[in-house]
Structure formats: C-alpha cells, structure tokens
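Novice: Mind looking over this structure? Questions follow.
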Amino acid sequence: MAPVEHVVADAGAFLRDAALQDIGKNIYTIREVVTEIRDKATRRRLAVLPYELRFKEPLPEYVRLVTEFSKKTGDYPSLSATDIQVLALTYQLEAEFVGVSHLKQEPQKVKVSSSIQHPETPLHISGFHLPSKPKPPQETEKGHPACEPENLEFSSFMFWRNPLPNIDHELQELLIDRGEDIPSDEEEEENGFEDRRDDSDDDGGGWITPSNIKQIQQELEQCDVPEDVRVGCVTTDFAMQNVLLQMGLHVLAVNGMLIREARSYILRCHGCFKTTSDMSRVFCSHCGNKTLKKVSVTVSDDGTLHMHFSRNPKVLNPRGLRYSLPTPKGGKYAINPHLTEDQRFPQLRLSRKARQKTNVFAPDYVAGVSPFVENDISSRSATLQVRDSSLGAGRRRLNPNASRRKFVKKR
C-alpha cells in the first residue's frame, strides 16, 4: 500500500489511534479538531506523535462551497462547524495539488420518473405466484382417482394432492442387487448422533476467538487506498464520508468503517407521509406540523423511488412529549410553544429607550442630550431578556427535560 501524499485527519482518526504515519506522508488538520478531544489517553498520544502534525485553516470560499453542497445532499444538519472546515480543507488541498476539474459541483439529484410496472401489482416476487386472470378449475381425470390417505394425522395437507410414492423399498432392492449392506435403524441413529457431535465440535474458521482477535484487529486497521491518490481524508463520520464521496474526493477508511455507497436524503412527514427534498425545512409543507424525519432514498433503474427506513426505535422517540401542553397565553410577551408553521406570534420589539441610537448628524438630534446609548434594565422587554425581534416568540421551550442555565449572570 503506497502512502498518500496529503492526508486530512478528523477527530475520529485520533480517537481510534490510527497509524497515520503509515497512511500518508503529510498529515493535516485544524486546531478545532484537537480542541474537541477531551480524554486523557488521546491527549497523551497527541503530545508524542511519531509524525509532524500540520495545522492549516481552509479559505472562506471553500467553506462556503462545502456548506452549500452539504445542504443539497441533506447532510448539513448532521455536520458541525468543525466537520465542515475539515471537508473544506480536503477540498482546498485537492484544488491545490490535483485540481477541481474532476470534482462535482452538484450532487446527484433524486428524480422520480414514470414506471412501467404499477406499484399496486407487484411482479416477480420470489416465493409467490401471482396469476393475471383466475383460471377455471380443472376436472380430475377419471383414470387416476384421488386416493384417500390411510393416516389422518396430516389430513389437512393430503386433501389437495395425491400421496407421494414411497421409494424406500426400491432403494433397498438396488442396494441388494449391488451387494451392499443395508444399515439398520439403530446404526443410522448412532451415525447421525456422531455426525451431529462432530459438527458441534467444529468451531469453524469464521469465529472470533481470543487466539485470533489480534490478527483480525490488525486486518481491520489496514486502510485500503486506491492507486494514484494524492489527497485523502481519514474520518469515521458517515455524514462526512457521504459528502466526500458525492463530491468526488477520496475517503480513507480506518478500522473498516466506510460507507459502501453515497446516498441522498429527503424529509418525510410521519403525519401525512408527504416528502420534500428541501432539507432546510422544519415544518411539513403539506400539513404544517413539526413531523419531518430524514430518510435515505435510492432510485432504481426503472425510476422507482425506494425509501430506506430505520429500525431503530429512537428515530421516533416520544421523549419529552408525555407532558401536556401549557394553556395558550395572550399578550405581547406570552411564551407559547411553536407547534405549526402558520402559527402567529406577537411582535416582540425592544423598548423605545433600548432602540435609541446616537446620530449627531440627524436633523432631529437634540443637543445637550447624552451622546451615549442608555442601557435599559427597567422595562419589561429587558426583564424578559428580549434581545431582538428576529427571535420570534422568545424562549419557546418544547421539552421540559431540556438542560437549562443554572447560573444566570446578575446585572
């Protein structure tokens, strides 16, 4: 495995204790990645690295480009500011040493086209026979009348078919003609018990045992790098890997944690089951409720859209919803939860004293007044900590179990 010339490392590479000196020649990262690491063991390893760790900040234009691209792929809500900077640094190094002609500027969009097959009439399902038209019942031949079974233990299965012929007698005659011994029933039971015992003793080669666990870990820690790769990113974040793959950048795997394919995501409402590709929405565009969940989708060759749902029950976790909603309050400074998109809120504006600005060139400026803006601490808006009208309806705390600030700075 030839080492990559330039490698950008994420926090997951340091937490997994990856041998980056064997993966790449020049190791890059940003200072925010090192700041994220809090455990003592990893910090001790960072203090005595066997290679030179280079800190480099990405340019703002690449940060803006990666941010817009991640919004189109649907991974933007899953990425932190540090993750976006790591992606931007990888894009910047690729542009400096390789070029951007082979990189994608737009992700692969999910397009739904008309399908030849009707979705309500599935075809070619394994294990099922779906006739197009009901066939008339066929009459039973007179020459072969159905024989009634002698043993009625399995009568429910024998009603609709003739009993299968027993070929044990014919097999015994063939063995007698060849001169072979016919095993008795007791010998067959003993042989079967021995075979089962041998099968149970065989542990197989695919099991992980204390003797081979170190070898398996060494194989998993190997990083499969394709040839002719000059810039790559080592990360264990699947959202970052998805963005890198869709942009055309190289992802270096650590401990075998690598996504198989790039997926696109949409938002699906679990209330009205409508979907939207606008990943920046908070409320459903059809019913207006806050019931949107991210779902990965793939498109087949015939244009059929397949949505992949998670079996994890935490996806639709009702935590914090067991409490009843508070009674809606009226007035200008009421704090009501934001439940629907078209819910109206009063305009929370600052007081006049807080909105006073000093402009000596204004025609209505009164001389002699203090040129300093007064700090409003007595009005009700200042008491309720209303900072700006863009905040909407103030503190809309939906979950009573959410963490709160215990220590408030006194005025």
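For all residues, glycine too, the Cβ spot is worked out from N, Cα and C.
Fair warning: this is a prediction, and the values are worked out from it, not measured in the lab.
In case it's useful when we look at the structure, here is the feature table from Swiss-Prot:
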BINDING   Cys269, Cys272, Cys284, Cys287  Zn(2+) binding site
COMPBIAS  136-147  compositional bias 'Basic and acidic residues'
COMPBIAS  182-192  compositional bias 'Acidic residues'
MOD_RES   Ser184  phosphoserine
MOD_RES   Ser200  phosphoserine
MOD_RES   Ser324  phosphoserine
MOD_RES   Ser351  phosphoserine
REGION    120-148  region 'Disordered'
REGION    181-208  region 'Disordered'
ZN_FING   259-331  zinc finger
Novice: Can you name every residue in this chain, apart from Cys269, Cys272, Cys284, Cys287, with its Cβ inside 8 Å of the center of the Cβ atoms of the recorded Zn(2+) site?
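Specialist: Output for this site, in sequence order: Gly271, Phe273, Lys274, Ser285, His286, Gly288, Asn289, Thr291, Leu292.
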Novice: With an 8 Å cut-off on Cβ-Cβ distance and a minimum sequence separation of at least 6, pull the same-chain contacts of Cys284 (Zn(2+) binding site), or say none.
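Specialist: Counting only residues 6 or more apart in sequence, the Cβ neighbours of Cys284 (Zn(2+) binding site) under 8 Å are Cys269, Gly271, Cys272, Lys274, Thr276, Lys290, Thr291, Leu292, Glu341.
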Novice: Within the zinc finger (259-331), what mean pLDDT does the predicted structure show?
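Specialist: Residues in the zinc finger (259-331) carry a mean pLDDT of 82 in this prediction.
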Novice: Cα of Ser324 (phosphoserine) to Cα of Cys287 (Zn(2+) binding site): how many Å, rounded?
Specialist: 22
Novice: Pick from Cys269, Cys272, Cys287: which of these binding-site residues has the biggest number of other Cβ atoms within 10 Å of its Cβ?
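Specialist: Answer returned by the neighbour count: Cys269.
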Novice: Within the zinc finger (259-331), how many residues are helix, strand or coil going by DSSP?
Specialist: 4 helix, 21 strand, 48 coil
Novice: Can you count the other CB atoms that lie within 10 A of the CB of Ser324 (phosphoserine)?
Specialist: 6
